[in-house]
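So TrEMBL lists these for the protein:
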BINDING   Cys34, Cys39, Cys45, Ser271  [4Fe-4S] cluster 1 binding site
DOMAIN    46-260  domain 'Radical SAM core'
BINDING   Cys60, Cys64, Cys67  [4Fe-4S] cluster 2 binding site
Amino acid sequence: MSLPKEYRNFLYSKTKEDSVKKILKSSSHIHTVCEEAKCPNRGFCFSKKTATFLIMGDICTRNCSFCAIKKGKPLPLDQFEIDEIIKAIEELTLDYVVLTSVTRDDLLDGGASYFNLVVKKIKKSFPKIKIEILVPDFKQNLENLKNIDFSYVDVFNHNLETVKEFYNEVRNKASYDFSLNMLKEVKKLGKTTKSGIMVGLGENDNQLRNLFEDLKSVSVDILTIGQYICPSPRHHRVFKYYTQEEFNRLKNIAEEIGIKSVVAGIFVRSSFEAYETFKGLK
């Protein structure tokens, strides 16, 4: 399926993008999901001097059919990574940081304690900064959430990615019900919670409505909805390209169901305009 014209007309400031890339690429210890996952927004976000840091390396232990991130046996955790991220935050003068990671099923708690370490060090270096963590499922063990001090976390994000019916095909080793339970448990702590999905994988309106209702049932505050764009011929194929009008309709449905803030659009991804969305809840 060929890419529609409106998908190709996404403009940004190349000069500012290059300045951010220069900072991020100056260290071999820093990875961003923007580059590793081939996010279509990386030009837009870089032009606004924002980025989402990918911690715990750039090799994932799972093999989801939609994802462009490398799969295989990860390297040991990088002892220099945190300090280099802090240096980049200072150089980019960020007010809001998004931290995400590959899935690390090789680690005892799936990396929860490492997320905690990174968040604490950033907050201690920049007390006023806001931090969003976009996490994997930590080996599908809710006990691992106890390794995170949520007093340092401003937004907890965990993506459902797609409708329940597609999990076996699209999300290797993941569990739709467990992901909902994760969001539910963190909401009990009074935190702002967030999730994101892709459309265009073959889902229908009834399946999407059920997903919205499931997110509402666990009191998720923010939902992002974006178009799935196939990274390569080896990945899950695109069944449909949604128009912006269709995204607006999905946004209205989700908001009518009761989700507080819904960001929906062709190029919307989990961390797209994350700070603006967070501030909009207040």
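Backbone N, Cα and C define each Cβ position, glycine as well.
No curator has checked TrEMBL annotations; they are predicted automatically.
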If you measure Cys60 ([4Fe-4S] cluster 2 binding site) to Ser271 ([4Fe-4S] cluster 1 binding site) at Cα, how many Å is it?
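If we compare the Cα positions of Cys60 ([4Fe-4S] cluster 2 binding site) and Ser271 ([4Fe-4S] cluster 1 binding site), the gap is 19 Å.
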According to DSSP, does Ser271 ([4Fe-4S] cluster 1 binding site) fall in a helix, a strand, or coil?
coil
Relative to the Cβ position of Cys60 ([4Fe-4S] cluster 2 binding site), how many further Cβ atoms are located within 10 Å?
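For Cys60 ([4Fe-4S] cluster 2 binding site), the 10 Å Cβ neighbour count is 22.
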Suppose we draw a 10 Å sphere around the Cβ of Ser271 ([4Fe-4S] cluster 1 binding site). How many other Cβ atoms does it contain, all chains included?
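Cβ-Cβ neighbours of Ser271 ([4Fe-4S] cluster 1 binding site) within 10 Å number 29.
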